[in-house]
Amino acid sequence: ITVNEGSSVTLMCLAFGRPEPTVTWRHLSGKGQGFVSEDEYLEITGITREQSGEYECSAVNDVAVPDVRKVKVTVNYPPYISNAKNTGASVGQKGILQCEASAVPVAEFQWFKEDTRLANGLEGVRIESKGRLSTLTFFNVSEKDYGNYTCVATNKLGNTNASIILYGPGAVHDGGNAATRAAAGLCLWATLLARLLLDF
């Protein structure tokens with residue numbers, strides 16, 4: 001069965017026998033067996049994406065071997081962009097922007113620069129989307145390619161977007177590493193100076 005995140009779900013497992021069987025529900029998740037319900041009905045209020053997967057109903061009495069049935073529950077949820085990093089590239093080199101989004105059903109991607117939607121194969125760019133990942137590739141970066149890009153991920157439950165910057169060498173986005181290296185150099189020099197003073 002397929003439901004939207006936040007919905008309430010009731011799974012039913014009817015079993016007959018003498019003596020009357022005991023019915024148990026288990027969630028067979030990748031992290032092991034989840035919560036257990038010893039009832040014919042398993043009610044899940046406000047289901048989340050983590051509660052998707054297989055559910056197992058087991059009917060047991062003292063006479064026969066357990067009878068087991070499984071049902072798969074798919075939980076739809078809107079896109080969530082989990083990875084979108086600014087990227088640097090030199091003029092004439094290849095530049096790649098990546099956008100990763102988790103969603104069920106799988107998201108469709110669009111790329112924009114300012115208000116203009118980018119088309120695959122035009123102006124030396126290639127757009128590839130496979131599963132959760134979409135990439136925007138510049139085969140020969142020019143000055144006009146630098147700037148702010150927007151990745152939009154959409155499915156039937158909604159959409160989300162992320163801003164990603166393609167920048168050149170020496171841009172402000174390089175400043176963090178350079179500042180860190182400079183601070184480390186000052187610290188080393190201060191330590192060396194302190195040791196020289198102690199020697200005297």
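If you go along the chain as it appears here, the first residue is 1 and each next one adds 1.
Placement of Cβ uses the backbone N, Cα and C atoms for every residue, glycine included.
Caution: TrEMBL annotation is automatic and unverified by curators.
Annotated features in TrEMBL:
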- 1-74: domain 'Ig-like' (DOMAIN)
- 78-165: domain 'Ig-like' (DOMAIN)
DSSP helix/strand/coil residue counts for the domain 'Ig-like' (1-74): 3 helix, 41 strand, 30 coil
For the domain 'Ig-like' (78-165), the number of residues DSSP places in helix, strand and coil: 6 helix, 55 strand, 27 coil
